[in-house]
Protein chains: 2
Amino acid sequence: MSASTAPNLIAAVSEARQWDRLMELAKLGAITGTDGSPGVNRACLTPLDREARRLVISWAEGLGLAVSVDEIGNLFLRHEGTDPAAAPVLTGSHMDTQPNGGRFDGIWGVIAALEAVQAIREAGVQTVRPIEVVAWTNEEGGRFAPGCMGSMAYAHYKPATAWDAVADHEGVTFRQALDEHRKAEADLSHRPLGGKPFAYLEAHIEQGPRLEAEGKDIGVVTGIQGSRWFIVEVRGETAHAGTSPVSTRRDAVQDMVRAINALNALMTDPTDVLRFTVGQIEVMPNTSNTVADVARFTIDFRHPDKELLIANGDAIEPTIRSAVKSCDVTVTERFHALPVEFDPLVTDAVQAAADAQGLASLALPSGAFHDAQFMVPLCPTGMIFVPCRKGVSHNPAEYSTPGQLAAGARVLAAALVDLANR
Amino acid sequence: MSASTAPNLIAAVSEARQWDRLMELAKLGAITGTDGSPGVNRACLTPLDREARRLVISWAEGLGLAVSVDEIGNLFLRHEGTDPAAAPVLTGSHMDTQPNGGRFDGIWGVIAALEAVQAIREAGVQTVRPIEVVAWTNEEGGRFAPGCMGSMAYAHYKPATAWDAVADHEGVTFRQALDEHRKAEADLSHRPLGGKPFAYLEAHIEQGPRLEAEGKDIGVVTGIQGSRWFIVEVRGETAHAGTSPVSTRRDAVQDMVRAINALNALMTDPTDVLRFTVGQIEVMPNTSNTVADVARFTIDFRHPDKELLIANGDAIEPTIRSAVKSCDVTVTERFHALPVEFDPLVTDAVQAAADAQGLASLALPSGAFHDAQFMVPLCPTGMIFVPCRKGVSHNPAEYSTPGQLAAGARVLAAALVDLANR
């Protein structure tokens with residue numbers, strides 16, 4: 001009988017404990033959605049974020065895990081293996097949320113990993129390799145764009161100083177926020193940035209409708225679609241709304257609308273696979289009776305097909321330039337990630353664990369972006385999805401049942417033991 | 001020889017003094033435009049606004065004028081007539097600016113009125129009626145919308161408490177800002193709100209290109225085009241930018257773009273007389289990788305023709321409702337002012353003064369909105385325009401020469417004496 005089907009391990013995963021921890025964390029930054037749903041707004045590197053981290057650390061210390069942080073604030077909770085020198089299995093996700101976020105996106109992957117490790121220890125299951133639970137810094141990119149800074153720095157995809165000058169809405173830079181954060185966590189053990197894990201496995205709610213619609217318990221994630229993010233700045237000239245003739249204006253808002261119209265045409269996809277979003281707009285001086293001289297907007301473009309991602313992404317700037325009438329335009333690509341495929345070493349372990357536990361599973365790609373994206377070049381990587389109601393996420397209405405989350409944690413525990421004994 | 005052509009009065013208007021005062025005031029809130037021009041950002045009811053008012057008050061007190069304020073913060077500087085009981089001639093404008101404003105819009109009307117009164121006193125010209133210089137509170141509406149609150153309250157068009165709940169970008173309400181302002185000016189003499197002037201005459205830069213283009217010194221303003229202002233709120237649902245299919249989204253930004261496209265079609269005007277502006281946009285949660293659930297935008301619509309103003313303004317809400325695809329919409333009209341015509345009593349006085357001084361004048365309507373709009377139902381009203389470079393306003397590049405402004409102040413002085421002796 002393999003470790004992954006050990007009944008004492010599966011029984012040791014506590015649905016109630018995992019749920020209670022999630023609900024306790026959901027109090028930190030609690031908000032109420034427009035439909036009355038209880039959501040969370042907990043941006044990275046804030047006092048709220050640190051409060052949540054301290055809570056998780058207290059649980060980890062109660063279990064006897066070794067706590068450490070690296071220079072970009074990634075938090076690690078280490079369960080020792082029988083061979084402490086062996087490359088560890090890494091598992092986790094992120095603790096920050098969208099401004100209008102839910103109670104499960106990210107944080108469940110951290111709490112599920114903690115639950116799995118707790119079950120492994122309480123069940124007396126031995127693993128050769130250490131298992132490290134990680135909470136990555138700034139996955140969401142809601143306060144400081146782009147997201148996934150913590151995993152990007154860990155994977156040496158970018159240096160940890162790459163985003164020093166990125167500022168939030170209040171003008172605080174990422175560097176300032178990170179320095180303050182590290183000062184507040186100076187009592188925690190420090191570890192060098194990066195590492196060479198044996199494997200990485202991340203648990204996450206699906207954030208899409210497929211598992212629920214198809215009645216599945218577990219998503220065996222095959223890969224992540226590619227993403228390209230842009231910031232567009234349209235620069236015209238302020239003018240008096242009452243006197244300046246419309247024909248002579250250099251109106252940044254109107255040229256932004258022209259650009260979005262042209263992009264909508266470029267991004268039309270009858271198959272509904274392509275994702276194109278303008279989610280953020282800033283206008284200056286932003287007063288009702290002055291023609292705007294500046295309009296900035298973001299583009300979030302994703303597709304699972306590499307060729308289409310490259311072709312349509314490269315067409316964004318010329319499309320905008322053709323569309324605007326009288327303003328100057330700057331188009332900056334601030335993030336470019338090609339589609340990735342996960343490793344059979346990990347996806348097979350997840351599939352085997354789901355099968356052994358009699359859970360209905362579905363192999364599917366991830367529509368959302370995840371820290372796992374950046375682990376792919378570093379080590380065999382995979383993800384576990386659980387269903388979420390109507391596929392809603394980045395919204396307080398985001399919801400998965402305690403039972404769905406417990407099933408995910410059980411599969412995670414078994415797959416981790418499997419991987420950690422290879 | 002009438003008072004309006006008294007050579008000692010005209011000679012007593014000082015081009016240098018008026019210019020120096022404007023330049024001194026332009027230091028309070030000085031900003032630099034994108035082209036390097038020196039502009040001003042001085043919002044109403046701020047410490048900067050109060051500093052500017054104290055400077056003007058110090059000049060008025062130096063002249064011996066009686067200073068008072070009313071409950072909405074309108075500031076009055078009174079030159080006494082030989083009959084103190086006679087209805088006064090009221091003249092002035094506003095001291096607040098747009099966030100990216102110039103050095104002349106509004107403030108010149110106050111300083112020109114002060115210069116005219118100073119010239120009248122220094123020339124020893126007697127007037128039967130008192131002349132009151134007024135600086136209206138919040139004409140621009142840049143911090144608290146709509147503008148012209150001070151003149152609307154004075155004219156009893158709305159009660160002074162009508163805008164108590166209006167909040168600025170930082171969430172400070174107009175009531176909070178006004179209470180703080182009045183506390184800071186508690187040492188000033190208080191006067192009841194409102195009054196019944198004999199006439200109102202406001203001097204202002206044209207904020208349009210006509211006087212300069214036609215080589216005229218003075219605009220004899222015939223009236224003000226009508227304005228209708230709206231706030232539109234589009235409400236959809238947040239969703240994950242990577243996972244939610246575009247076809248199922250309730251994307252507030254995309255429905256806002258659809259609404260603006262439809263409004264652009266409605267507001268198309270080959271004669272280029274109609275003014276349609278979307279100057280302010282707020283998006284929530286305003287993060288690049290979340291589909292927005294709220295988009296708010298403003299509409300500033302103006303036209304000199306009453307029938308067209310009513311017809312197109314009334315079509316705004318149904319046009320938006322037909323255009324949006326999946327979001328809910330609220331359209332709120334927050335300001336509605338029909339076109340007004342000025343009174344020959346005042347326009348003739350301006351015309352006579354310009355003619356007597358050998359200045360080239362042009363009768364023209366105002367494209368911009370002014371406090372004078374609200375004086376029309378109260379008393380005979382008029383305005384004097386002077387040219388401004390390329391018609392640029394609401395921008396640091398706004399400029400009129402010292403000589404153009406002095407010519408305007410001379411016409412104002414003569415017309416005020418004319419009206420104050422009727």
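The backbone N, Cα and C atoms fix where each Cβ goes, and this holds for glycine too.
What TrEMBL says about this one:
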BINDING   A:H94, A:D105, A:H204  Zn(2+) 1 binding site
BINDING   A:D105, A:E140, A:H394  Zn(2+) 2 binding site
DOMAIN    A:223-307  domain 'Peptidase M20 dimerisation'
Starting from the Cβ centroid of A:H94, A:D105, A:H204, which together make up the recorded Zn(2+) 1 site, report each further residue of the same chain whose Cβ lies within 8 Å of that point, ordered by sequence. A:S93, A:F104, A:G106, A:I107, A:W108, A:G109, A:E139, A:I205, A:H370
I'm trying to understand the geometry here, so how far is the Cα atom of A:D105 (Zn(2+) 1 binding site) from the Cα atom of A:H394 (Zn(2+) 2 binding site), in Å to the nearest whole number? 8
Give the residue from the binding-site residues A:H94, A:H204, A:H394 that has the most other Cβ atoms within 10 Å of its Cβ, counting over every protein chain displayed. A:H394
Distance from A:H94 (Zn(2+) 1 binding site) back to A:E140 (Zn(2+) 2 binding site), taken between C-alpha atoms, in Å: 8
Separation of alpha carbons, A:H394 (Zn(2+) 2 binding site) and A:H204 (Zn(2+) 1 binding site) (Å): 13
Which of the three DSSP states, helix, strand or coil, fits A:D105 (Zn(2+) 1 binding site)? coil
What are the helix, strand and coil residue counts for the domain 'Peptidase M20 dimerisation' (A:223-307) according to DSSP? 20 helix, 33 strand, 32 coil
Just to verify a number: CA distance, A:H394 (Zn(2+) 2 binding site) to A:H94 (Zn(2+) 1 binding site), in angstrom, no decimals. 14
Hey, which of our binding-site residues A:H94, A:H204, A:H394 end up with a Cβ under 8 Å from chain B? A:H394
In all the protein chains shown, the tally of other Cβ atoms within 10 Å of the Cβ of A:D105 (Zn(2+) 1 binding site) is 26
Here the 10 Å Cβ neighbour count for A:E140 (Zn(2+) 2 binding site) comes out at 27
DSSP-derived class (H/G/I helix, E/B strand, else coil) of A:E140 (Zn(2+) 2 binding site): coil
